[in-house]
Each structure stands twice: as structure tokens, then as C-alpha cells.
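A.B. asks: This is the structure, below, for whatever I ask next.
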Amino acid sequence: MTKLLIANGADINKKILKGSVLHIAVSKNLEEMTEFLLMNGTNHTIADMNNKIPLSYAIQNRNVDISKLLILHGSDVNFKDSDMKSLIHYATLDNSQKIVELLILFGANVNATDRMNNTALHYAVMQGNKDIIKILNIYGANPNIKNIDGYYPIHLATKVNNEEVLESLLSNNMKYQLDIDSIRKDGLTSLHMAVIQNSCEIVKFLILHGANLNVKDKENYTPFQNAIRNYYKEIIKIFILYGENVNTSVENGLTALHSAISYGDKEMVEFLISHGIDINCRLETNGCSVLHFSLMLEPSLDSQEIFEFLINNGADINAKDINEKSILHYAIKYNDIKAVEFLISYDVNTTDKKGQTALHYAIIKYRIELINFLVTHGSDIDAKDINGRTPLHIAVQHNRKKIVRFLISKGADPDIKDEYGKTPLCIAIENNYNNIVSLLISYDKYV
């Protein structure tokens with residue numbers, strides 16, 4: 001019927017709602033009719049209401065024969081629709097390998113970009129189609145084009161966590177050398193991305209293929225530093241095993257060792273020490289050693305094991321922070337009884353910058369149990385700080401009646417004067433601590 005109508009002068013190029021007669025024939029996979037229409041001079045460049053030419057529908061149907069027929073009759077292999085997507089974009093999105101090969105064979109631009117500046121290679125990566133990636137690479141696809149979002153194809157491959165796609169991207173390119181360290185708008189490389197995603201295998205793959213370990217993101221962090229900040233322990237191990245500096249630190253001098261201690265991860269602490277991490281590194285702001293740091297955490301069985309392990313493996317038990325506070329001071333501050341018991345055999349009377357001993361500090365922090373423990377284990381009950389104040393002065397100053405009674409019962413000298421000539425009784429009277437005044441006067445020396 002169609003042939004008869006055409007023979008009698010019907011307009012084969014007349015536009016109808018669905019485009020043209022050729023659009024209909026192609027969309028219905030009518031190869032013979034398509035060929036007839038083409039042989040009779042139908043216009044294959046007309047776009048329908050969807051801004052598609054007949055070749056668009058042939059590709060959509062994955063019909064290689066009709067696609068080839070249209071191309072041989074002059075259809076534009078680089079036609080773009082209203083989204084600026086070319087035919088090779090659609091063939092790639094549809095995973096139509098044969099169509100992609102056909103379009104390239106007849107001159108399709110493999111590096112054509114759409115409105116979002118995506119190339120066919122971007123889409124092949126998103127689809128995870130390593131065979132099409134290989135074809136595009138062979139025919140000169142540029143892997144160093146970024147889309148509007150700042151993503152290069154390698155970033156997309158990393159994002160979808162596909163090692164095979166990465167392998168395809170890195171091989172077979174006859175024209176371009178892929179930049180494995182290409183940077184997104186936010187300053188991230190693929191290696192940064194893989195770390196943030198905690199993708200161990202991708203991290204390992206990228207390192208083995210030469211990714212730069214020292215590139216910093218906009219926050220000034222390398223991939224390894226990001227692994228430390230997020231405590232991705234397996235990735236931290238990978239970096240160290242592949243030669244990254246085990247003593248790399250992030251803000252305030254925090255290293256992987258601090259992270260492992262924070263998580264109570266003894267196995268990781270052992271790994272880091274066995275690979276040469278500085279067990280006596282210090283935090284920048286307060287000069288805390290790793291032993292100080294370990295005591296700042298919630299006491300637990302794991303934290304105690306780690307604390308003792310650090311000491312047994314060379315951590316300096318005599319280390320002091322910038323205020324000259326010892327490990328024992330910190331154990332008291334954070335009420336870590338087990339640590340105090342462990343440390344008591346060391347210098348129990350060491351002082352900080354203010355001249356305060358552990359006993360002074362225990363009184364300030366009101367650690368009743370620890371005060372008794374310190375006194376019975378050799379703390380100097382009359383030790384003076386830089387202001388000449390003894391533990392008894394401090395107890396009175398803080399209105400600790402129970403501690404005052406305890407110290408006097410253990411032999412604390414209530415007659416000692418501080419640098420200002422004040423005895424504990426003077427301080428009690430000045431502050432109207434009447435209960436303590438009565439307690440002190442009740443002892444013979446004040447009668």
C-alpha cells in the first residue's frame with residue numbers, strides 16, 4: 001500500500017505527529033520499507049517532535065542493519081538532540097557495543113560532549129561496560145575530559161568501586177595517556193575518593209598503578225591523612241605497607257597511633273609499633289605523649305592493656321606535657337585507678353609547672369580513693385607547690401573537710417606556712433569555712 005501511494009505521488013517527507021513515514025518504518029524495524037523509502041529519496045534528516053532523526057530510533061532499537069542502511073544513505077552519525085547527546089552517547093548508555101563500533105567506523109566523534117560535558121567514555125564507565133571502554137580507548141577517546149560536575153572518567157570508575165573498569169581505562173588507549181591523579185573541583189583525586197569510600201581494593205589498585213600519594217585536597221589532606229582522620233585501619237595498613245611514612249600526622253600532630261588508641265584497637269597499635277611508628281610522638285598544642293593521650297579516654301580493659309603495652313614497648317613513662325604534668329597526673333585527672341596502681345612504683349612525688357604533686361592534684365580533683373592510695377604508697381604528705389602550699393593547704397582551700405581530716409590523721413603538718421605566711425587554718429578562717437576551722441582547732445596544736 002505504501003509503495004502504491006508513493007508511486008501515485010504521495011509526499012514521503014510529509015511530517016506527521018510521529019515524525020515522518022521513515023521514522024515509523026525505522027521505529028517498527030521495517031528494514032525493507034526503510035530501504036524502499038531511502039531509495040525513493042525520503043529525507044532522513046528530519047527530526048520528530050522528540051528531536052530524533054530516524055537513525056536515533058534505529059540505534060534505540062539496537063538494529064545494526066537499519067542503522068548501517070541509514071548511515072550509508074548519509075544519516076549524520078554525529079547528530080545531537082536537544083540535550084546535546086550524540087548518537088554514540090545513546091548507544092553507550094544502551095550498552096550497544098555493535099552500534100558503538102558501527103558509529104565509530106563511519107566517523108562518529110568519540111569525544112563528543114553533551115550538555116553536562118559527558119563523553120561516551122563517561123557513560124561507558126557509569127555503565128561499567130569495560131568492552132565499550134576498550135573500543136572507545138582504541139579509537140582515541142580522551143580520558144582527561146571532565147564533566148560539569150568536575151568528574152573525569154576515572155573519578156566515576158572510582159565512585160562505582162569497579163576495579164575492572166579502572167583496568168580498562170588504564171589500558172588500550174592509542175592516543176591519550178590517562179592522568180591517574182586528575183583532580184575534581186573539590187580537590188579530590190581518585191585516590192582520595194577511594195579512601196573516603198573505604199574501598200581497600202581500589203586504593204591498592206591505584207597505588208600499584210602509580211597514583212601520587214602526596215596530592216592534597218582543598219582541606220590540605222593527603223589520601224593517607226584522610227585514612228587516619230577516618231580511622232580506616234585496613235587502608236592505613238595498605239599505605240604503610242606500600243611505603244607511606246608511618247609517622248604522618250594530621251591536625252595537632254595526631255598520628256595513626258592516636259587513632260588506634262582512641263578506638264581501643266590493640267592489634268592496630270601492635271601493627272603500627274612493629275612498623276616503626278614513633279611511640280613517643282607529642283601532640284602539638286599541649287605536648288601530650290601517647291601515654292598522656294591514652295589516659296584521656298574512657299578507662300576500659302582494652303585501654304589498660306594498650307597503656308601497659310605502650311610502656312612495655314618503650315613509651316617514656318617520665319614524659320611530661322607543656323605544663324609539666326606527668327603520666328600520673330593524667331591518670332588522676334581522668335580517674336584511671338588501674339593506671340595509678342600501675343604507675344605508683346615510679347616517681348610518685350614528681351611535680352608539674354605549678355609544683356603540684358599527684359597528691360595535690362588528687363585533692364583538687366577530689367579523688368578520695370586515690371588520695372588514700374597515694375598517701376599509703378609514699379606520697380609526700382607535706383610536699384609544697386610553688387606557692388608553698390601543702391596538700392593540706394589545698395584541701396582547706398577547696399573546702400574538702402573529709403580530706404582535711406584524713407590528711408591530719410596521716411600526719412600532715414598543720415603548722416606549715418605558705419609563701420604568704422598562711423597556715424591551713426588562716427585559709428579556712430579567710431574563707432569562713434567554719435567546719436574546717438573547728439576541725440583544725442580541735443587538734444592539740446591549735447588549742
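Placed from the backbone N, Cα and C atoms, the Cβ positions cover glycine too.
A TrEMBL annotation is a machine prediction, not a hand-curated record.
Here's the feature list from TrEMBL:
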REPEAT    50-82  repeat 'ANK'
REPEAT    83-115  repeat 'ANK'
REPEAT    116-148  repeat 'ANK'
REPEAT    149-173  repeat 'ANK'
REPEAT    186-218  repeat 'ANK'
REPEAT    252-284  repeat 'ANK'
REPEAT    286-322  repeat 'ANK'
REPEAT    354-386  repeat 'ANK'
REPEAT    387-419  repeat 'ANK'
A.B. asks: Residues of the same chain, at least six outside the repeat 'ANK' (149-173), with any C-beta under 8 angstroms of its C-beta?
C.D. replies: 116, 119, 121-122, 124-126, 128, 130, 133-134, 137-138, 140-141, 143, 179-180, 182, 184-186, 188, 190, 193-194, 197, 199, 201-202, 205-206, 209
A.B. asks: Counting only residues 6 or more past its boundaries, what in the same chain has a CB within less than 8 Å of a CB in the repeat 'ANK' (83-115)?
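C.D. replies: Non-local partners: 55-56, 59-60, 62, 64, 67-68, 71, 77, 121, 123-124, 127, 129, 131-132, 135-136, 139-142, 145, 147.
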A.B. asks: On average, what pLDDT score does this prediction assign to the repeat 'ANK' (186-218)?
C.D. replies: 96
A.B. asks: Which numbers of helix, strand and coil residues does DSSP report for the repeat 'ANK' (252-284)?
C.D. replies: 18 helix, 1 strand, 14 coil
A.B. asks: Which residues, given as numbers and ranges, are at least 6 beyond the ends of the repeat 'ANK' (286-322) yet have a Cβ under 8 Å from it?
C.D. replies: 257-258, 261-262, 264-266, 269-270, 273, 279-280, 330-331, 333-339, 342-343, 346-347, 350, 352
